[in-house]
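The structure appears below as structure tokens.
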Amino acid sequence: MSETSATSLPVTEPLPAPAPAKLVDVASLSLEALSRFVTEELGERAFRAPQIYRWLHQRGATSFDEMTDLSKVLREKLRARAEIVPLVKDCELRSTDGTIKYRWKTRDGRYIESVYMPTEDRRTLCVSTQVGCAMACGFCMTGTMGLKRNLTPSEIVAQVHAVNREVRKNEGHETLRPLSNLVFMGMGEPLHNFENLKTALSILQSEDGPNFSHRHITVSTVGLVPMIERFGKETDVKLAISLNASTDEQRSKTMPVNRKWNIAALLDACRKFPLRQGRRITFEYVLIKGFNDADEDAHRLIELLKGIPVKVNLIPYNENPGLGFHTTGEERAEEFRAILADGHVAAYIRRNRGRDIAGACGQLANRGETQAGTDSTT
């Protein structure tokens, strides 16, 4: 039998190299999930998990090299199997009232925004949960973007870590966590990204993490009724409802979600919401001139909210180009508030922060994207 030469063998394409194992986004893991990863995937003892977790979420480490009390071998294992997904600061815009809007670039080239609002007694961060938003509220600039994607738990939490670092650097704070309050009222509908929000909240409230109290975290929703029930059962932070109208006709014109879950369904969910002793649901009501700011609106609002422990935040509309709405004047806003107060509804006119940098309520839309380190608002 003749030998077969190498040149006579059939020509075949080389087999592709095996795809590299996907790295684990380690900062998106709850402490329980991190413990499983450390013991089952890395073969390490369980006590290493809270050690790594504290580096990530108390100290805000952005690389495994910073974790100096871990062995070199463990750090090598982490580099081989896991990653810390970065948020890169694209720019910061400073308002005359002290508010700072931060724009972050994600690894896939998307942009999100967070707004830092310092006052004498608190330092609050407004956090985003999505790139864009699917809710399409007619008075909100974020709604004009559409939904690009959900943020991961690590991208939600990274906003908090990054602003903590900025505040420590800029204001000279020695504490690892100068921020006192978090409001999930930035880009996106938080309950539309509920699983990632829930994981982020567990990280932010962990004693091995930033350790925010449930009293100092508020999540706002346009009214995804089925998710409000889950939110009440599976988290313990405060709830805010973006209402903005006193009739279904009004609300459906500006908030498409109302066509699926109307005001009656929304308020029924609020009446069933489990509230801690002494806690109230916040209702946000954007005052739009000639649309929802009449005396009749205030009286209807009083009737709608009966039986619900509430406070109402009245928010003078922040005008956005091209949306066709105008803000209610200060005098009219005060008259509206007084009617609510006479009806035994606790109501407050919220001072808008960051309007001059498009950082106020309803203005976040990545306008004026710039390169890192610049301060342009154009």
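Please read every residue number as a count from 1 along the shown chain.
Positions of Cβ are set from backbone N, Cα and C atoms, glycine also.
DSSP assigns Glu113 (active site, proton acceptor) to a strand segment in the three-state reduction. Other Cβ atoms within 10 Å of the Cβ of Glu113 (active site, proton acceptor) number 25 in total over all chains. Annotated active site, proton acceptor per Swiss-Prot: Glu113, in sequence order.
Taken from Swiss-Prot, the feature active site, S-methylcysteine intermediate covers Cys361.
Neighbours of Cys133 ([4Fe-4S] cluster binding site), defined as other CB atoms within 10 A of its CB across all chains, total 26. Annotated [4Fe-4S] cluster binding site per Swiss-Prot: Cys133, Cys137, Cys140, in sequence order, evidence recorded as sequence analysis.
Taken from Swiss-Prot, the feature S-adenosyl-L-methionine binding site covers Gly188, Glu189, Ser220, Ser242, Leu243, Asn244, Asn318, and the record attributes it to sequence analysis. All protein chains considered, the CB of Ser220 (S-adenosyl-L-methionine binding site) has 21 other CB atoms within 10 Å.
There are 28 other Cβ atoms within 10 Å of the Cβ belonging to Cys126 (disulfide bond). Residues annotated as disulfide bond in Swiss-Prot, with sequence analysis given as evidence: Cys126-Cys361.
Annotation comment: Swiss-Prot describes 119-355 as domain 'Radical SAM core'.
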Between C-alpha atoms, which of these recorded positions comes nearest to Leu243 (S-adenosyl-L-methionine binding site): Glu113, Cys126, Cys133, Cys137, Cys140?
Cys137
If we check Cα distances from Gly188 (S-adenosyl-L-methionine binding site), which of the recorded positions Glu113, Cys133, Cys137, Cys140 wins as closest?
Cys133
Round to a whole number and give the Cα-to-Cα distance in Å for the pair Cys137 ([4Fe-4S] cluster binding site) and Asn318 (S-adenosyl-L-methionine binding site).
14
Cys140 ([4Fe-4S] cluster binding site): which of the recorded positions Glu113, Cys126, Ser220, Ser242 is the nearest Cα neighbour?
Ser242
Here the binding-site residues are Ser242, Asn244, Asn318; which one has the lowest number of other Cβ atoms no more than 10 Å from its Cβ?
Asn318
What whole-number Å value do you get for the CA-CA distance of Ser242 (S-adenosyl-L-methionine binding site) and Cys126 (disulfide bond)?
15
